[in-house]
């Protein structure tokens, strides 16, 4: 194990441990300090004793309460190394409310712009709904970081010049990755503004010029100040937004907006709303009122959460007592060193976790590494991969962690911009995740077509121990490096009752599921697809499709033959893939490409037989008997495929399996087995430039599933999908048919060569399966998209 040097001596560590015995009592390991840190037990005891001892009432009634509030205001300024001559302290509900206050009251003038960092908390994006700027721009993190290197980026500015005002908002520390934007950028922005062309305009009109604009900085410091010192004598943002529960753990419901003297000048002189305590007077009979002269009093609407504010005093005292200044290193500096040391230790250990085949277990999300504390905080974000490379969903990690008492965070952490940046999500992928797939913030839909929609985050506080980090590492080692996927999923299912409600729902989706059914009514033509969200009517209903003795109802029941009675396949005519079937209203309708015109056939075999002649052909050297479907469809096929003498034949009698497959199996016009199953994880490993759906289509499978590991289906012997049992007949040996793009008919040879490389020269992809004969087979059985796949 890599070395780790503790920041705290033995006595200090013992005192800290004594304050958090509830963790051991509840068998919990807490690793989400970026969400909130934990309160010390003596802290809340002292706060409760004060409430029992003192009379603390409405500050408008009781001067003592007002004095307490003023003490807290002074402690806040002292905590950030500033004084009331330089900054005002406005108490708010939280950092989000502080950001909202800035958005509502900042005076942009006519030409002012709103700029914000992509890697920001959702609340910063919410500011866009309230700011009255001419235009809004999204900045990359490096565009803001670049302002720190300007020669003028020194101690900021004290005032402003005539002109309009632009506002730049960014986080001091990214709550997703822990990356710290250099605070020297504050002065660079204030003095130099932003160069023309920086950022992506997302709203409004581009101003004619911003040369005369004053630039102000709003610093979202909620994540940063929880474990780092913020020196407002050295760095002077115009607005600082914080939440105290992230620093002390208790109380919740109180934050603050710190406003510099310069920042106060850029606030509007008139508010859109005022509450009690913010005015000198207000007439009910006329539109006349006057705001308070004291700046912070103008914006603290209504009665302050005075009990919570008074409780902050014990938070300051507890933090200073448990992590005292030592050798001229202040409390928050020591906490910063402690959490960074833990993050650095964890990052090194995670990089060493590998599967026996050498595949790394962990994908880390970080900008600059963990060597420099001034650039990286006590946060580690990552995802887990399988031994074949695909990602494991963060919801599964959350389940595994919860069952072992490890509390961590998963998702995007209310920072969709950071998710977009670190996960490499372009605009098309964002739409696929949030609009088409329907993911919402806070859910556990963690993988969409193998692409992670979020990550796992662990973060540290002053009470986090190295042993806690080691328990996380142990969990990852035992659950992923030393346990097979099926064993892990079984364990989660067995203990799912112990999970929180949201994770119980995610645990139910850990097993592989039936994602899609593909029915190929006409052999070698396109598929009629049944998938999550709806099918196509006809025999199927929504996501469900019936089974027959031969397989999926109507699958490969028709085939096209030439004038010699020989089956026409894509090997001879690749344009067959452009014949697209639709099953509805007791009709099979065939279309060519995107043409709305088509030709219809009855689904009823009895109706077909009345007006059809019998004919014979062969499938895989086996004779088949069928019914000729008539001249109309024959002419339509010849016209669209450019081949004369084509006929459409419908199977009229059953055929049995041969060529190594069990003799009792009844077949349609398929080549070898009743069903062909393909695993999207295996398809994903091919990594073609085309969309995953296009590649899946190449393999012309009936049953499409998605599992945790690529090619694991090749080891299956039997499986159950929903209530239907299947026997694996063997792997599908591929030919050059899979080189045909099923949406265009174009050929590309790399499909075969890639499979050959991945399978050590073998052309295997997908597996043949057949339904096992049981008593249930005597009744109509169905497959439904969403059915759980259980390997037995």
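Please read every residue number as a count from 1 along the shown chain.
In case you wondered, yes, glycine gets a Cβ from its N, Cα and C as well.
Features reported for this protein in Swiss-Prot:
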type	residues	note
MOD_RES	246	N6-(pyridoxal phosphate)lysine
ACT_SITE	414	active site
DOMAIN	646-792	domain 'MOSC'
MOD_RES	748	phosphoserine
CB contacts for residue 748 (phosphoserine) [other CB atoms within 10 A, all chains]: 16
Cβ neighbours of the residue listed as 'N6-(pyridoxal phosphate)lysine' where a neighbour is any other Cβ within 10 Å: 25
Integer Cα-Cα distance in angstrom, the residue listed as 'N6-(pyridoxal phosphate)lysine' to the residue listed as 'phosphoserine': 55
Helix, strand and coil residues within the domain 'MOSC' (646-792) as assigned by DSSP: 33 helix, 49 strand, 65 coil
Residues that sit under 8 angstroms from the residue listed as 'active site' by C-beta distance, when 6+ apart in the chain: 121, 122, 123, 175, 441
